[in-house]
Amino acid sequence: MPLLGLLPRRAWAALLSQLLRPPCASCTGAVRCQSQDFDIAGQFDPMIPDAECLKIMCEILSGLQLGDFLIKMAWKDVRHEMVAKKGLAPEVADRIGDYVQCHGGVSLVEQMFQDPRLSQNKQALEGLEDLKLLFEYLNLFGIAEKISFDLSLARGLDYYTGVIYEAVLLQTPTQAGEEPLNVGSVAAGGRYDGLVGMFDPKGHKVPCVGLSIGVERIFYIVEQRMKTKGEKVRTTETQVFVATPQKNFLQERLKLITELWDAGIKAEMLYKNNPKLLTQLHYCESTGIPLVVIIGEQELKEGIIKIRSVASREEVAIKRENLVAEIQKRLSES
């Protein structure tokens, strides 16, 4: 399995919170539940935390190497809600509807600024000012090209109070031969300034913005792509397994694995005093660990170590002092 890119600490925090949280009963088919997986709460200047959430989303999706992606911002067919619940005049809502088929970056926002029916409406103007400011920050973060202002996006105006966004994967040329994976969005989020206050007896307003990563969907995509390429899905990053065919060799295994760990090699062994060799080898095959180092009475007596390739089942004997160098050489060639 290809190694995943390195993620910044805050990006891992957002991703791991999704992995570790218990299932939510209120989840439907959407990527996110009502409780965010990465949130920024508190009163701050406009659009700064919103921009950082989008930056984090980009960092996670880029680090996972899923391919090209696009983050869409905004809504779909909400004339009734905007007029009946949000207080916009019908003609303003109709004018916004003219833009629903449009999508783009800050140029689209600028275009809407030029529309007199929008620019003369206080609520519409405030929203456009926020979006323009957001794109300025996104440009400074170097991610503006990943964001598309798309008025066809909808995530529920009763829940959200500001910018909303969803990330979708794009079919790239290298994936053209693959069967399309209709998994929907892989990440989503937005601003929800009124939600926390609903649970406060005094109704204190706590502005919030956050994001959620669709971990299950991402795992599904990765697995399907690997199956298409004939690659096996590995469940561990372990590079070397330390094994023995004999009893009472725990101390020698501990010495070996310590040497490998100290050299920065990802190694493991079974946490048993006297494991059977067949059990150890089966474990390596089932988890996809590529190399096994074997030490027994004969190897200890002769000052050698056996290295076994799990894939070919071939074994070679090397001098004990050359173990780390040989392992590093094999790993660099694989």
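Yeah, the Cβs are placed from backbone N, Cα and C, and that goes for glycine too.
Copied from TrEMBL, the annotated features are:
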{"type": "BINDING", "residues": "Asp39, Arg155, Tyr159, Tyr160", "note": "L-histidine binding site"}
{"type": "DOMAIN", "residues": "77-218", "note": "domain 'Class II Histidinyl-tRNA synthetase (HisRS)-like catalytic core'"}
{"type": "DOMAIN", "residues": "239-330", "note": "domain 'Anticodon-binding'"}
- Counting across all protein chains, other CB atoms within 10 angstroms of the CB of Tyr159 (L-histidine binding site) number 12
- Reduced to three DSSP states, the domain 'Anticodon-binding' (239-330) has 41 helix, 21 strand, 30 coil
